[in-house]
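Worksheet: one structure, shown below.
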Amino acid sequence: MAKRSSLYIRIVEGKNLPAKDITGSSDPYCIVKVDNEPIIRTATVWKTLCPFWGEEYQVHLPPTFHAVAFYVMDEDALSRDDVIGKVCLTRDTIASHPKGFSGWAHLTEVDPDEEVQGEIHLRLEVWPGARACRLRCSVLEARDLAPKDRNGTSDPFVRVRYKGRTRETSIVKKSCYPRWNETFEFELQEGAMEALCVEAWDWDLVSRNDFLGKVVIDVQRLRVVQQEEGWFRLQPDQSKSRRHDEGNLGSLQLEVRLRDETVLPSSYYQPLVHLLCHEVKLGMQGPGQLIPLIEETTSTECRQDVATNLLKLFLGQGLAKDFLDLLFQLELSRTSETNTLFRSNSLASKSMESFLKVAGMQYLHGVLGPIINKVFEEKKYVELDPSKVEVKDVGCSGLHRPQTEAEVLEQSAQTLRAHLGALLSALSRSVRACPAVVRATFRQLFRRVRERFPGAQHENVPFIAVTSFLCLRFFSPAIMSPKLFHLRERHADARTSRTLLLLAKAVQNVGNMDTPASRAKEAWMEPLQPTVRQGVAQLKDFITKLVDIEEKDELDLQRTLSLQAPPVKEGPLFIHRTKGKGPLMSSSFKKLYFSLTTEALSFAKTPSSKKSALIKLANIRAAEKVEEKSFGGSHVMQVIYTDDAGRPQTAYLQCKCVNELNQWLSALRKVSINNTGLLGSYHPGVFRGDKWSCCHQKEKTGQGCDKTRSRVTLQEWNDPLDHDLEAQLIYRHLLGVEAMLWERHRELSGGAEAGTVPTSPGKVPEDSLARLLRVLQDLREAHSSSPAGSPPSEPNCLLELQT
C-alpha cells in the first residue's frame, strides 16, 4: 500500500508585469519550485508585459511536500535574469480546493529572508539538575540549506537563543550540508513559558549575515516528552513586517490541482478490473449496463479524466480495442445524423483522444516531426487572408523592391501547398509504421460506421469518422500546438504560429473530405483547393490501407513493432566519470549520445556508433541532482550504480536546461523504481581530494548527507502504465457517483433499499451493477482497515514541538 500525490499545474498567462528592460518591456518566463527545488521552466515569451504560456505539467511527488512556488523571471542575454515576483501556494491552500485552485494571483516581491529551505538535525533533552532542570540542545547537522553566496554555497552557523541567552556554533565554510555536533545547555525555571529558538545563518565577512531559517521549540511540550531527536524543517521569520506590494508587480493566472491517492496492493483491485473487463468482452451481446452507466454518471468536467483512466486500464489488459469498439457501437446506436457523428465530447470521443495520445504519439512524431521542424527553421511569412497581409513584414532590403500583396498571397499559397503535400506524402508512406492496435481500432470504427450507415449516399461517412479522430483531434491540434504534443521544446513565435494555424486548417479541410460546408467558411483558403482535393484522394487511399488489417497481421505487426520498442529517453548529454583525485571542472565533460531503454543506459559518440558503453538498469541505485558549485555549472545530475564487480560508481551528466535535467531524472527514476538496493541517501557534491565537497565528510563510502528523491517525477506521454493507480482512480470516481448508481439499482431491482445487495444462495444471480456496488463496498472497507501509506518525513511529536 502506498500513498501517492500528484500535482497538476497549468501556467496560463501573466498580465500587467513591470518593465525590466530599457525598451519598456520584459522577456518573461516562469520557474516552478516544489519546496525550493526547481522542477519546471516555461518557455520565454519575448518583449511583452502580458505573456501567454498555456503550459501544462503533472508532477508526481511525495505526499509530504509543503509548498509550490511560481517565480516570474525576466530573461537577460548579457546579465543575470531579473526576478519579477512570485506566487506561493502551500499544500494546505491547494488541498482546501477539492476541484483545484484556479484564478489570478498577485505577484509578490521576493524577500531573501523568506527564501528558506532545508532541515536541521537536533537532539533536545530536559534533565534534572542540582538546583533546577536543565535544557540541553545538541546541534548535530543540517542539509539542503539555501546557497547565499555567489559560489553557490553558504558559510553556515547556528544561533541558539533561550531566555535572553544566546549561544553560537562554529562556522562551517562553503557548505550547504554542514556538520557541527555541538551541545548547549540552559537552565530551566519552573513555569517558564519562553520558547527555544534555533536559527541558522550564513556568515559574511563584509556584509550582514544572511538568514537561513529557524526552528522554534515549545519547551513546555518538551518537558512532557523529556527527550526528542530528529530533523526539523527550517521556517522563515514570520515576525518580519511584510511589504504590501500586491498588484504592483502584476498577476499570474494559474490552475493547480492536488490529487492524493492511497493505492492498495493489486489483489484488492482484481474484482473491479475483472468485472469491467467482463463487461467489455461481452460487448453489445451482454446486458451492457456498466460502461453506459459510467458514461451517464460522468459529468462533463471530469469526462476526460475518466476516459483516460478507463482507456489506460483496458490498454494494460489488452482490451483497449474492445473497449473503444463498445463505445463506438453505443454512440452509433443513438446517432441518426451523419454530420454529428463523434463531434460531441462523449466518452467515446474523449477515450479515443486519450488512446491516440497514449498509443500513437511516437507515430505522430514520425509523421509530423520533420514537417514541423522545417516550418520552425524556415520562419517564412505566410498569410492567405488579404485583410491580414502586412507587406512590410516581407519586404526585401537592398536593391529589391517590396513584394505586392498579390505576390505575398501567391508565395504563401506555394509554401502551404508544399508543406501540405509533404505531410500527405509522409502520411501515405506511414501505414506500416502505425501501431497495430491503432490500426485495428480504426478498422473496427470503419466497419461499425459502414454497418450503421450503408448505401452509396454514405460512402464517405466511414472515412470521415476515421479522419474526425486522426486529423481533427490528433494531427491538427499537434500542428497548432507542437509543444503540447512534445514535438518542440518551445512555443512558436507569432509568424510561425500563423503558418502552423493555416496548415492545420488545410489538414482539417482534407479531413472533412473537402465538403462544401468546409469550403464555404473561409473563401480565402481557395488557393489550396487543388492540393486539398488531391489530398482527399490520398487520404482515402491511406485509410483504406490502414484499416485493411486482419487478426493474424495485427499480431505479426504488433510483434515486429514491439521488437523495435523506442528508447524511453535519448539525446546528447555531457558526461564526466569520476577518476579519483584532482579538480573537477565543467570543461572536463565530454559530449556523448545517450539512450535509455528498459534494459540499460547506453552512451556512444554518435547515435549510429557501433561501439558503446552501458550501465545496466538493474545496477542503478539512485539518480539525483548535483550541487552547482561542484562543477562550476548548473543542470548536472549523477547516476549512482554498481559495476559488474559490485563496486559503487558514479557518472556525472550535464544537461542544457532545468527541463532536460528533470526529464532525464524522471525517466531514470521511473525505470529503476523497482530496483533492489536503491539508496535512501546520497552526496550532492563530489569527492574531491580527500573529502566530499558538500558536507566535508572524509569517508568516501560513508552515508550520504542528503535524502534521495526517487519519487519526484514528471509525467510524460511515454510513461509505463500503472494498472493499480488507474484502478484506484476509477474506484474513486465510481465512489463519487455511488448514490446515482444505487438509484439506478433501485430502478432495475424494483425499489430495493439502498445498500442491500442480495447475497443469499438460491436467489437470482447478481447483475453487473449489483456486483459493482459490492466491489465498491469491499474496496471502501479495505481502505478504511488498511494503515495510511508512507510515513511522514517528520514524526507528529516533532511537529507538535514546533510553534
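Cβ atoms are placed via backbone N, Cα and C, with glycine included.
Copied over from Swiss-Prot:
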type	residues	note
BINDING	ASP21, ASP74, ASP76, ASP82	Ca(2+) 2 binding site
BINDING	ASP21, ASP27, ASP74, ASP76	Ca(2+) 1 binding site
BINDING	ASP76, SER79, ASP82	Ca(2+) 3 binding site
BINDING	ASP204, SER207, ASP210	Ca(2+) 6 binding site
BINDING	HIS683, CYS694, CYS695, CYS705	Zn(2+) binding site
DOMAIN	1-105	domain 'C2 1'
DOMAIN	116-232	domain 'C2 2'
DOMAIN	318-546	domain 'Ras-GAP'
DOMAIN	566-673	domain 'PH'
REGION	781-803	region 'Disordered'
SITE	ARG343	site 'Arginine finger'
ZN_FING	675-711	zinc finger
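Comparing CA positions across the binding-site residues ASP27, ASP82, ASP204, SER207, the one lying closest to HIS683 (Zn(2+) binding site) turns out to be ASP204. Mean pLDDT across the domain 'Ras-GAP' (318-546) comes to 89 in this model. Residues ASP21, ASP74, ASP76, ASP82 make up the record's Ca(2+) 2 site, and a Cβ search at 8 Å around their centroid adds LYS20, SER26, ASP27, MET73, GLU75, SER79, ASP81 from the same chain. Of all the binding-site residues listed here (SER79, ASP82, ASP204, CYS694, CYS695), ASP82 has the Cα closest to the Cα of ASP27 (Ca(2+) 1 binding site). The DSSP breakdown of the domain 'C2 2' (116-232) into helical (H, G, I), extended (E, B) and coil residues amounts to 7 helix, 60 strand, 50 coil. Across the fold, the C-alpha of ASP74 (Ca(2+) 2 binding site) and the C-alpha of SER207 (Ca(2+) 6 binding site) stand 27 Å from each other. Residue counts for the domain 'PH' (566-673) under DSSP, helix first, then strand, then coil, are 24 helix, 45 strand, 39 coil. Annotated Zn(2+) site HIS683, CYS694, CYS695, CYS705; additional same-chain residues within 8 Å of its Cβ mean position, judged by their own Cβ, are ARG143, TYR177, PRO684, GLY685, TRP692, SER693, HIS696, GLN697, GLY704, ASP706.
Across the fold, the C-alpha of ARG343 (site 'Arginine finger') and the C-alpha of SER207 (Ca(2+) 6 binding site) stand 66 Å from each other.
Taking DSSP states H, G and I as helix and E and B as strand, the domain 'C2 1' (1-105) has 5 helix, 58 strand, 42 coil. Counting other Cβ atoms within 10 Å of each Cβ, the lowest count among the binding-site residues ASP74, ASP82, ASP204 belongs to ASP204.
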